[in-house]
Amino acid sequence: MNRNGSRIVIDMSWFLNSLRHCFIPLWRFVGSVLGSKSKDVVLSIEYYCCDRPNPLLQIIYLVIISFTYYFVAKSSFPYIPGYYLSEIHWYLSLEAVAIGILLFLLTSFSDPGTITADNVTHYLSAYPYDNIIFSEKECSTCKIPKPARSKHCSICKRCVARFDHHCGWMNNCIGERNTRYFMAFLLWHFLLCLYGTVAIALILAGRLKELKVVYILTVYYGIEKTLWDLAPHVVQWLLGSYNTQILLMVFLAIISMLLFGFFGYHAKLCLSNTTTNETFKWQDYMELQRKVKEAKASAAALRQSISGLSNERKPSVSKWRSFFRRSPLEDVVVVKNNVYDKGFIHNIHEVVSPLSTRTSFTQSKFKSS
Ligand SMILES: [Zn+2]
Ligand SMILES: [Zn+2]
(Lines of atoms letter the chains of each structure in order from A and count residues from 1; the text may use other names and numbers.)
(Lines give C-alpha, C1' and ligand atoms only; values in the text may rest on other atoms or scores of the structure.)
(Ligands and ions follow the chains in the order given, each with its own letter.)
Protein backbone atom coordinates (compact mmCIF):
# COMPACT_ATOMS: atom_id res chain seq x y z
CA MET A 1 0.00 0.00 0.00
CA ASN A 2 1.42 3.37 -0.92
CA ARG A 3 1.78 6.29 1.46
CA ASN A 4 -1.36 8.10 0.37
CA GLY A 5 -3.32 4.85 0.35
CA SER A 6 -2.28 4.11 3.94
CA ARG A 7 -3.48 7.54 5.04
CA ILE A 8 -6.95 6.76 3.72
CA VAL A 9 -7.19 3.66 5.89
CA ILE A 10 -5.71 5.39 8.89
CA ASP A 11 -8.27 7.98 9.67
CA MET A 12 -11.56 9.26 8.38
CA SER A 13 -9.97 12.75 8.29
CA TRP A 14 -8.96 11.77 4.74
CA PHE A 15 -12.45 12.97 3.90
CA LEU A 16 -11.50 16.53 4.85
CA ASN A 17 -8.19 16.29 2.99
CA SER A 18 -9.91 14.94 -0.13
CA LEU A 19 -12.40 17.78 -0.02
CA ARG A 20 -9.55 20.18 0.38
CA HIS A 21 -7.63 18.83 -2.61
CA CYS A 22 -10.73 18.80 -4.79
CA PHE A 23 -11.86 22.28 -3.92
CA ILE A 24 -8.60 24.18 -3.50
CA PRO A 25 -8.15 24.92 -7.25
CA LEU A 26 -11.82 25.90 -7.57
CA TRP A 27 -11.67 27.84 -4.29
CA ARG A 28 -8.59 29.80 -5.41
CA PHE A 29 -10.10 30.42 -8.83
CA VAL A 30 -13.17 31.96 -7.14
CA GLY A 31 -10.81 34.07 -5.01
CA SER A 32 -8.85 35.31 -8.03
CA VAL A 33 -12.04 36.18 -9.92
CA LEU A 34 -13.42 38.14 -6.97
CA GLY A 35 -10.28 40.19 -6.39
CA SER A 36 -7.38 40.33 -3.94
CA LYS A 37 -9.44 41.12 -0.80
CA SER A 38 -11.84 38.25 -1.44
CA LYS A 39 -8.86 36.01 -2.16
CA ASP A 40 -7.48 36.79 1.30
CA VAL A 41 -10.84 35.90 2.85
CA VAL A 42 -10.93 32.65 0.83
CA LEU A 43 -7.39 31.74 1.92
CA SER A 44 -8.07 32.52 5.57
CA ILE A 45 -11.21 30.31 5.49
CA GLU A 46 -9.13 27.52 3.95
CA TYR A 47 -6.45 28.02 6.63
CA TYR A 48 -9.06 27.92 9.41
CA CYS A 49 -10.79 24.78 8.06
CA CYS A 50 -7.73 22.71 7.11
CA ASP A 51 -4.66 23.93 8.99
CA ARG A 52 -6.01 24.99 12.38
CA PRO A 53 -7.92 23.05 15.04
CA ASN A 54 -11.63 23.49 14.36
CA PRO A 55 -14.81 21.68 15.39
CA LEU A 56 -16.24 21.27 11.86
CA LEU A 57 -15.93 17.47 11.69
CA GLN A 58 -16.90 17.12 15.36
CA ILE A 59 -20.17 18.90 14.58
CA ILE A 60 -20.64 16.69 11.48
CA TYR A 61 -20.13 13.56 13.64
CA LEU A 62 -22.70 14.76 16.20
CA VAL A 63 -25.17 15.62 13.43
CA ILE A 64 -24.70 12.20 11.76
CA ILE A 65 -25.11 10.17 14.96
CA SER A 66 -28.09 12.25 16.18
CA PHE A 67 -29.93 12.17 12.87
CA THR A 68 -29.24 8.45 12.34
CA TYR A 69 -30.56 7.64 15.81
CA TYR A 70 -33.57 9.91 15.26
CA PHE A 71 -34.48 8.27 11.93
CA VAL A 72 -33.92 4.75 13.32
CA ALA A 73 -36.10 5.56 16.35
CA LYS A 74 -38.82 7.22 14.25
CA SER A 75 -39.00 4.47 11.63
CA SER A 76 -38.31 1.33 13.66
CA PHE A 77 -39.29 1.90 17.29
CA PRO A 78 -43.04 1.64 16.53
CA TYR A 79 -42.35 -2.06 15.71
CA ILE A 80 -40.70 -2.72 19.11
CA PRO A 81 -41.67 -4.92 20.91
CA GLY A 82 -41.93 -7.16 17.88
CA TYR A 83 -41.68 -10.85 17.02
CA TYR A 84 -37.90 -10.98 17.62
CA LEU A 85 -37.08 -7.83 19.66
CA SER A 86 -38.33 -6.90 23.14
CA GLU A 87 -38.88 -3.35 24.43
CA ILE A 88 -35.51 -3.47 26.22
CA HIS A 89 -33.95 -2.34 22.92
CA TRP A 90 -35.57 1.07 23.33
CA TYR A 91 -33.32 1.73 26.32
CA LEU A 92 -30.39 -0.43 25.18
CA SER A 93 -30.04 1.48 21.89
CA LEU A 94 -30.18 4.86 23.63
CA GLU A 95 -27.53 3.75 26.16
CA ALA A 96 -25.33 2.38 23.35
CA VAL A 97 -25.50 5.72 21.48
CA ALA A 98 -24.83 7.66 24.70
CA ILE A 99 -21.73 5.53 25.41
CA GLY A 100 -20.57 6.14 21.82
CA ILE A 101 -20.90 9.93 22.27
CA LEU A 102 -19.11 9.71 25.64
CA LEU A 103 -16.20 7.86 24.02
CA PHE A 104 -16.13 10.51 21.30
CA LEU A 105 -15.98 13.31 23.89
CA LEU A 106 -13.34 11.42 25.89
CA THR A 107 -11.10 11.03 22.81
CA SER A 108 -11.74 14.60 21.66
CA PHE A 109 -11.05 16.36 24.93
CA SER A 110 -8.47 14.10 26.60
CA ASP A 111 -4.78 14.97 26.71
CA PRO A 112 -3.00 12.96 23.99
CA GLY A 113 0.29 13.36 25.91
CA THR A 114 1.27 16.98 25.35
CA ILE A 115 4.98 17.50 25.95
CA THR A 116 5.97 20.72 27.68
CA ALA A 117 9.22 22.06 29.10
CA ASP A 118 8.03 20.88 32.55
CA ASN A 119 7.33 17.24 31.69
CA VAL A 120 9.77 16.64 28.81
CA THR A 121 12.37 14.90 31.05
CA HIS A 122 9.77 12.34 32.10
CA TYR A 123 8.69 11.64 28.53
CA LEU A 124 12.37 11.34 27.55
CA SER A 125 12.72 8.45 29.98
CA ALA A 126 9.64 6.63 28.62
CA TYR A 127 11.18 5.36 25.37
CA PRO A 128 14.83 5.02 24.31
CA TYR A 129 16.02 6.39 20.96
CA ASP A 130 16.35 3.55 18.46
CA ASN A 131 18.74 5.64 16.31
CA ILE A 132 16.96 4.30 13.24
CA ILE A 133 13.81 6.34 12.92
CA PHE A 134 14.23 8.30 16.15
CA SER A 135 17.43 10.02 17.20
CA GLU A 136 18.16 12.70 19.77
CA LYS A 137 17.06 16.11 18.53
CA GLU A 138 15.19 19.25 19.48
CA CYS A 139 11.77 20.43 18.31
CA SER A 140 12.52 23.51 16.23
CA THR A 141 9.15 25.09 17.16
CA CYS A 142 8.76 24.23 20.86
CA LYS A 143 12.53 24.51 21.52
CA ILE A 144 12.48 21.45 23.78
CA PRO A 145 14.13 18.03 23.32
CA LYS A 146 12.06 15.66 21.16
CA PRO A 147 11.43 12.37 23.03
CA ALA A 148 11.57 9.16 20.95
CA ARG A 149 8.22 8.39 19.26
CA SER A 150 6.96 11.97 19.69
CA LYS A 151 6.04 14.40 16.93
CA HIS A 152 5.22 18.07 16.65
CA CYS A 153 1.62 18.44 15.42
CA SER A 154 1.57 21.31 12.95
CA ILE A 155 -2.20 21.78 13.43
CA CYS A 156 -2.27 21.85 17.25
CA LYS A 157 1.20 23.42 17.39
CA ARG A 158 2.50 21.19 20.18
CA CYS A 159 4.69 18.12 20.64
CA VAL A 160 2.79 14.93 21.44
CA ALA A 161 4.21 11.74 23.02
CA ARG A 162 3.93 8.47 21.05
CA PHE A 163 2.20 10.51 18.34
CA ASP A 164 -0.11 8.52 16.11
CA HIS A 165 -1.90 11.12 13.96
CA HIS A 166 -4.00 14.27 14.14
CA CYS A 167 -7.64 13.27 13.88
CA GLY A 168 -9.89 15.86 12.27
CA TRP A 169 -13.06 14.11 13.50
CA MET A 170 -11.84 14.36 17.10
CA ASN A 171 -10.20 17.77 16.54
CA ASN A 172 -7.39 16.34 18.65
CA CYS A 173 -4.12 14.49 18.28
CA ILE A 174 -4.13 10.76 18.93
CA GLY A 175 -1.12 10.07 21.09
CA GLU A 176 0.27 8.08 24.01
CA ARG A 177 -2.51 8.90 26.47
CA ASN A 178 -5.64 8.73 24.32
CA THR A 179 -4.95 5.93 21.81
CA ARG A 180 -6.93 3.65 24.17
CA TYR A 181 -10.00 5.92 23.98
CA PHE A 182 -9.65 6.21 20.20
CA MET A 183 -9.53 2.40 19.87
CA ALA A 184 -12.53 2.05 22.19
CA PHE A 185 -14.36 4.66 20.08
CA LEU A 186 -13.70 2.75 16.83
CA LEU A 187 -14.63 -0.64 18.30
CA TRP A 188 -17.77 0.70 20.00
CA HIS A 189 -19.01 2.48 16.88
CA PHE A 190 -18.38 -0.63 14.78
CA LEU A 191 -20.45 -2.66 17.26
CA LEU A 192 -23.09 0.08 17.43
CA CYS A 193 -23.57 0.09 13.64
CA LEU A 194 -23.60 -3.71 13.58
CA TYR A 195 -26.21 -3.71 16.36
CA GLY A 196 -28.33 -1.23 14.37
CA THR A 197 -28.06 -3.32 11.19
CA VAL A 198 -28.99 -6.58 12.95
CA ALA A 199 -31.80 -4.94 14.97
CA ILE A 200 -33.45 -3.46 11.86
CA ALA A 201 -33.04 -6.80 10.05
CA LEU A 202 -34.77 -8.54 12.97
CA ILE A 203 -37.58 -5.96 12.99
CA LEU A 204 -38.18 -6.58 9.26
CA ALA A 205 -37.98 -10.36 9.76
CA GLY A 206 -40.50 -9.96 12.60
CA ARG A 207 -42.84 -7.97 10.35
CA LEU A 208 -42.64 -10.76 7.76
CA LYS A 209 -43.71 -13.25 10.43
CA GLU A 210 -46.40 -11.07 12.02
CA LEU A 211 -48.03 -10.16 8.71
CA LYS A 212 -47.75 -13.77 7.47
CA VAL A 213 -46.24 -12.51 4.20
CA VAL A 214 -44.84 -15.90 3.18
CA TYR A 215 -48.21 -17.56 3.88
CA ILE A 216 -50.09 -14.94 1.79
CA LEU A 217 -47.61 -15.21 -1.07
CA THR A 218 -47.76 -19.00 -1.20
CA VAL A 219 -51.45 -19.59 -0.45
CA TYR A 220 -53.16 -16.58 -2.07
CA TYR A 221 -50.71 -15.82 -4.87
CA GLY A 222 -49.68 -19.41 -5.56
CA ILE A 223 -45.93 -18.78 -5.39
CA GLU A 224 -43.73 -21.85 -4.84
CA LYS A 225 -42.48 -22.15 -1.25
CA THR A 226 -38.81 -22.07 -2.17
CA LEU A 227 -36.28 -19.41 -1.29
CA TRP A 228 -35.49 -18.83 -4.97
CA ASP A 229 -39.15 -18.11 -5.86
CA LEU A 230 -40.12 -16.23 -2.71
CA ALA A 231 -37.02 -13.96 -2.40
CA PRO A 232 -37.85 -11.47 -5.22
CA HIS A 233 -41.44 -11.03 -3.97
CA VAL A 234 -40.35 -10.60 -0.34
CA VAL A 235 -37.65 -8.07 -1.37
CA GLN A 236 -40.19 -6.18 -3.49
CA TRP A 237 -42.63 -6.08 -0.55
CA LEU A 238 -39.90 -4.90 1.86
CA LEU A 239 -38.71 -2.17 -0.53
CA GLY A 240 -42.27 -0.98 -1.02
CA SER A 241 -43.35 -1.00 2.62
CA TYR A 242 -40.13 -0.41 4.60
CA ASN A 243 -37.82 1.59 2.32
CA THR A 244 -36.61 3.92 5.14
CA GLN A 245 -35.59 0.95 7.27
CA ILE A 246 -33.84 -0.74 4.32
CA LEU A 247 -31.94 2.49 3.54
CA LEU A 248 -30.87 2.86 7.19
CA MET A 249 -29.85 -0.80 7.35
CA VAL A 250 -27.64 -0.49 4.23
CA PHE A 251 -26.13 2.79 5.54
CA LEU A 252 -25.32 1.24 8.93
CA ALA A 253 -23.90 -1.90 7.31
CA ILE A 254 -21.54 0.17 5.09
CA ILE A 255 -20.39 2.35 8.02
CA SER A 256 -19.84 -0.72 10.21
CA MET A 257 -17.65 -2.30 7.50
CA LEU A 258 -15.61 0.91 7.19
CA LEU A 259 -15.21 1.13 10.96
CA PHE A 260 -14.16 -2.51 11.13
CA GLY A 261 -11.45 -1.71 8.57
CA PHE A 262 -10.24 1.32 10.57
CA PHE A 263 -10.31 -0.62 13.82
CA GLY A 264 -8.53 -3.62 12.27
CA TYR A 265 -5.79 -1.40 10.85
CA HIS A 266 -5.19 0.38 14.15
CA ALA A 267 -5.42 -2.87 16.13
CA LYS A 268 -2.69 -4.33 13.92
CA LEU A 269 -0.55 -1.28 14.64
CA CYS A 270 -1.18 -1.55 18.40
CA LEU A 271 -0.31 -5.25 18.40
CA SER A 272 3.08 -4.51 16.81
CA ASN A 273 3.59 -1.37 18.97
CA THR A 274 3.83 0.91 15.95
CA THR A 275 2.11 4.23 15.39
CA THR A 276 0.70 5.60 12.15
CA ASN A 277 3.45 8.23 12.16
CA GLU A 278 6.03 5.47 12.54
CA THR A 279 4.66 3.46 9.61
CA PHE A 280 5.48 6.44 7.36
CA LYS A 281 8.93 6.75 8.91
CA TRP A 282 9.53 3.02 8.44
CA GLN A 283 8.36 3.22 4.82
CA ASP A 284 10.85 6.04 4.15
CA TYR A 285 13.63 4.20 5.98
CA MET A 286 13.00 0.87 4.22
CA GLU A 287 12.83 2.58 0.83
CA LEU A 288 16.12 4.36 1.44
CA GLN A 289 17.80 1.19 2.72
CA ARG A 290 16.49 -0.79 -0.26
CA LYS A 291 17.88 1.79 -2.67
CA VAL A 292 21.28 1.81 -0.92
CA LYS A 293 21.45 -1.99 -0.93
CA GLU A 294 20.32 -2.17 -4.55
CA ALA A 295 22.99 0.35 -5.53
CA LYS A 296 25.61 -1.72 -3.69
CA ALA A 297 24.40 -4.95 -5.31
CA SER A 298 24.42 -3.32 -8.78
CA ALA A 299 27.96 -2.03 -8.22
CA ALA A 300 29.10 -5.49 -7.10
CA ALA A 301 27.43 -7.13 -10.14
CA LEU A 302 29.05 -4.60 -12.46
CA ARG A 303 32.48 -5.22 -10.91
CA GLN A 304 31.95 -8.96 -11.31
CA SER A 305 30.97 -8.70 -14.97
CA ILE A 306 33.94 -6.41 -15.73
CA SER A 307 36.36 -8.86 -14.08
CA GLY A 308 34.65 -11.71 -16.04
CA LEU A 309 35.19 -9.90 -19.33
CA SER A 310 38.85 -9.19 -18.61
CA ASN A 311 39.51 -12.82 -17.61
CA GLU A 312 39.44 -14.56 -21.02
CA ARG A 313 40.57 -17.95 -19.73
CA LYS A 314 37.55 -18.28 -17.49
CA PRO A 315 35.07 -20.84 -18.95
CA SER A 316 31.98 -19.06 -20.27
CA VAL A 317 28.67 -19.61 -18.47
CA SER A 318 26.04 -21.25 -20.64
CA LYS A 319 23.31 -18.97 -21.98
CA TRP A 320 20.61 -20.96 -20.17
CA ARG A 321 22.42 -20.80 -16.80
CA SER A 322 22.98 -17.09 -17.13
CA PHE A 323 19.30 -16.68 -18.11
CA PHE A 324 18.03 -18.43 -14.97
CA ARG A 325 20.68 -16.97 -12.63
CA ARG A 326 19.15 -14.79 -9.93
CA SER A 327 19.75 -11.11 -10.21
CA PRO A 328 21.75 -9.79 -7.24
CA LEU A 329 18.95 -7.22 -6.79
CA GLU A 330 16.51 -10.04 -5.96
CA ASP A 331 18.59 -10.90 -2.88
CA VAL A 332 18.20 -7.41 -1.40
CA VAL A 333 16.36 -7.82 1.91
CA VAL A 334 15.66 -4.93 4.27
CA VAL A 335 14.72 -5.90 7.81
CA LYS A 336 12.53 -3.72 10.03
CA ASN A 337 13.87 -3.75 13.57
CA ASN A 338 11.20 -2.19 15.80
CA VAL A 339 12.78 -2.00 19.27
CA TYR A 340 9.47 -0.88 20.81
CA ASP A 341 7.74 -4.15 19.85
CA LYS A 342 7.91 -6.32 23.00
CA GLY A 343 5.29 -8.96 22.21
CA PHE A 344 1.58 -8.40 21.75
CA ILE A 345 0.55 -8.78 25.41
CA HIS A 346 3.08 -6.14 26.47
CA ASN A 347 2.10 -3.95 23.51
CA ILE A 348 -1.62 -4.09 24.35
CA HIS A 349 -0.81 -3.32 27.99
CA GLU A 350 1.15 -0.26 26.85
CA VAL A 351 -1.89 1.08 24.95
CA VAL A 352 -4.38 0.32 27.74
CA SER A 353 -2.07 1.62 30.46
CA PRO A 354 0.29 4.22 28.90
CA LEU A 355 3.76 4.44 30.42
CA SER A 356 3.32 8.06 31.51
CA THR A 357 0.22 7.18 33.56
CA ARG A 358 1.84 4.34 35.48
CA THR A 359 2.88 4.69 39.12
CA SER A 360 6.38 3.38 38.37
CA PHE A 361 6.77 6.13 35.76
CA THR A 362 5.54 8.82 38.16
CA GLN A 363 7.91 7.56 40.86
CA SER A 364 10.90 7.64 38.49
CA LYS A 365 9.74 11.13 37.52
CA PHE A 366 10.14 12.34 41.11
CA LYS A 367 13.45 10.52 41.54
CA SER A 368 14.85 12.15 38.41
CA SER A 369 13.64 15.59 39.47
ZN1 LIG B 1 7.06 20.80 19.11
ZN1 LIG C 1 -2.91 17.74 16.51
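Here the Cβ of each residue, glycine as well, is placed from N, Cα and C on the backbone.
The feature transmembrane segment is assigned by TrEMBL to 56-73, 88-106, 181-205, 246-265. Under the heading domain 'Palmitoyltransferase DHHC', TrEMBL lists 135-283. For 285-312, the entry in TrEMBL reads coiled coil.
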Spatial neighbours of the transmembrane segment (56-73) far in sequence, C-beta under 8 Å, 6+ residues away: 13, 15-16, 49, 93-94, 97, 100-101, 104, 108, 168-171, 196, 200, 244, 248, 251-252
Intrachain residues whose Cβ lies under 8 Å of the transmembrane segment (246-265), provided they are six or more past its termini: 9-12, 68, 71-72, 75-76, 183, 186-187, 189-190, 193-194, 196-197, 200-201, 204, 238-239
Model confidence over the coiled coil (285-312) (mean pLDDT, whole number): 83
